[in-house]
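J.: Annotations per TrEMBL:
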- 6-223: domain 'Deacetylase sirtuin-type' (DOMAIN)
- 120: active site, proton acceptor (ACT_SITE)
- 128, 131, 147, 150: Zn(2+) binding site (BINDING)
Ligand SMILES: [Zn+2]
């Protein structure tokens, strides 16, 4: 059964499904950029200082112009680390949801959630493709973008467009175990997560869709 709360009369649907959240023993939530809008973070298409956030995920930009790339990266990192989790992140933690997120903002961890799969990686870390060192993104501020071990150009801790996403087998395992699937702020158009709702509905697991205003709807559902 699919419950759609992506419309203005969401309360009518929501008041009838609160019980699903109360009863769930293995609730799983898939989140996308929409959940973090209330934390002040832009979605991919939005402009940020003359560029779209999407450009951060272009491998060619990183490879060809690392200086400009990391300048842009650091501006975004600096702004984004000011963001705080909103009520949607906080209630998902409170209700022990396992989280599969497309977001790189780290706000589920900030909210206290421990079981989080960041399938696109994260913005808080850099890594070296050659020696595999992982560094905090703050490293850029004083040390530049070369690896301190092997001097290669560091790369972001998230995946570029076209690269393989992370944690898919564990995410699939969670979806198969789940008894409630919540989907927040994502079009679910990317592979492989676009198959996840189908897996859930095939197993008769209720699926709840929320597009916007999750910071209001999630607390309502959980109280
Ligand atoms: Zn290295």
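Including glycine, each Cβ sits where the backbone N, Cα and C put it.
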J.: Near ligand 1, which of the recorded positions show up if the criterion is a Cβ under 6 Å from one of its atoms? Options: 120, 128, 131, 147, 150.
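T.: From 120, 128, 131, 147, 150, counting a Cβ under 6 Å from ligand 1 as near, the near ones are 128, 131, 147, 150.
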J.: Mean pLDDT over the domain 'Deacetylase sirtuin-type' (6-223): what is the value?
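T.: On average, pLDDT over the domain 'Deacetylase sirtuin-type' (6-223) sits at 94.
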J.: What residues, ordered by sequence, lie under 8 A Cβ-to-Cβ from residue 150 (Zn(2+) binding site) and sit at least six positions away in the same chain?
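T.: Residues satisfying the criterion: 128, 130, 131.
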J.: Compute the mean position of the Cβ atoms of 128, 131, 147, 150, which form the recorded Zn(2+) site, and then list in sequence order the other residues of that chain whose Cβ is within 8 Å of it.
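T.: Near the Zn(2+) site, the remaining chain residues are 129, 130, 132, 133, 148, 149, 151, 152, 154.
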J.: At a 10 A cut-off on CB-CB distances, which of the binding-site residues 128, 147 has the highest count?
T.: 147
